[in-house]
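Chemist: What follows is a single structure, and I will ask about it in a moment.
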Amino acid sequence: MGLVRSLCLLITFLNCLIISVHGQATARPGPVSGTRIGFYLTTCPRAETIVRNAVNAGFSSDPRIAPGILRMHFHDCFVQGCDGSILISGANTERTAGPNLNLQGFEVIDNAKTQLEAACPGVVSCADILALAARDTVILTQGTGWQVPTGRRDGRVSLASNANNLPGPRDSVAVQQQKFSALGLNTRDLVVLVGGHTIGTAGCGVFRNRLFNTTGQTADPTIDPTFLAQLQTQCPQNGDGSVRVDLDTGSGSTWDTSYYNNLSRGRGVLQSDQVLWTDPATRPIVQQLMAPRSTFNVEFARSMVRMSNIGVVTGANGEIRRVCSAVN
């Protein structure tokens, strides 16, 4: 009987493991007081469904909101923590800072908030809506979902000057490492999270310096010659700097690992991306993430949970905004 019972327990464990593997990535939240999986289970049980439906509707109208919301969450967390301060509008707020001027998807977050206030007034924070929406955009672009710890409250301060430390398109690996490390993220988190560039675009004005004038040369020598000619056609030297180019050439709207493969071929659009391949500190990680049995999806989920717990406001601090674009 003991043997039979042990076998039954083993089978039960394996069944649970299979469900976990084929469902969503099992990323667990870090030790942050106040955030947990299912925070709104009793106070607003349909919270995640309402957010998901709002994101689905926004994506159906304009698929560009997927990389926009993902980037918005990243920028929110990197400036005084994941407190929804990126969502506040007005003069000299984070939204007006240079790196944030082209962010898309604010209307999706506002729509979700309106519906949540109707269903559960004063319960769900804008910071949590943004964290949940970022996860949902990955799913919509054929990525793998994960469990998002919730329970954040909203910050009351949003200053454009605080956005100066956001990672930039010309940053070296060393500079990127410094910026990530300052927030408790390591080099692997850096390479994994930047893999979010598998969806989205960049304006020609952001990287055109690589195409025509880099350190006295005609172009950045790390760019594949064929790709260089392609980029120069898309982004002429005196052309419109607002023209958008896929960050993951050939697969710019699908969540996959081709972004890393492009780096290995000298086809990274941003300088800060391409150096992940040329720098020996990060190249081995890129090689692992582009491998046939890549763990990118699982690792991205884990790093997103780590990032989403940066500097969160919980407990009696902060507030639950009535509208995401303004403090109460």
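The backbone N, Cα and C atoms fix where each Cβ goes, glycine too.
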Chemist: Disulfide-wise, see what Swiss-Prot says Cys44 is paired with, picking from Cys120, Cys126, Cys204.
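Modeler: According to Swiss-Prot, the disulfide partner of Cys44 among Cys120, Cys126, Cys204 is Cys120.
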Chemist: With the disulphide bonds as Swiss-Prot has them, who is the partner of Cys324, out of Cys82, Cys126, Cys204?
Modeler: Cys126
Chemist: Which of these, Thr198, Thr201, Thr218, Thr295, does Swiss-Prot say binds Ca(2+) 2 at the same site as Asp248, Ser251, Asp256?
Modeler: Thr198
Chemist: Between Cys82, Cys204, work out which one Swiss-Prot annotates as bonded to Cys235 by a disulfide.
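Modeler: That would be Cys204, the partner Swiss-Prot lists for Cys235.
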Chemist: Under Swiss-Prot's annotation, the disulfide partner of Cys77 is which of Cys16, Cys82?
Modeler: Cys82
Chemist: When neighbour density is defined as the number of other C-beta atoms within 10 angstroms of a residue's C-beta, which of the disulfide-bonded residues Cys126, Cys204, Cys235, Cys324 has the lowest density?
Modeler: Cys204
Chemist: Does anything in the same chain, at least 6 positions from Asn213 (N-linked glycosylation site), have a Cβ under 8 Å from its Cβ, and if so what?
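Modeler: Sequence-distant Cβ neighbours: Ala219.
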Chemist: Can you tell me the three-state DSSP label for Cys44 (disulfide bond)?
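Modeler: The three-state answer is coil.
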Chemist: So of all those disulfide-bonded residues, Cys44, Cys120, Cys126, Cys235, Cys324, which one's Cα sits nearest to Cys82 (disulfide bond)?
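Modeler: It is Cys126, whose Cα lies nearest.
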Chemist: Cα-Cα separation of Cys126 (disulfide bond) and Cys120 (disulfide bond), in Å?
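Modeler: With distance taken Cα to Cα, Cys120 (disulfide bond) is 13 Å from Cys126 (disulfide bond).
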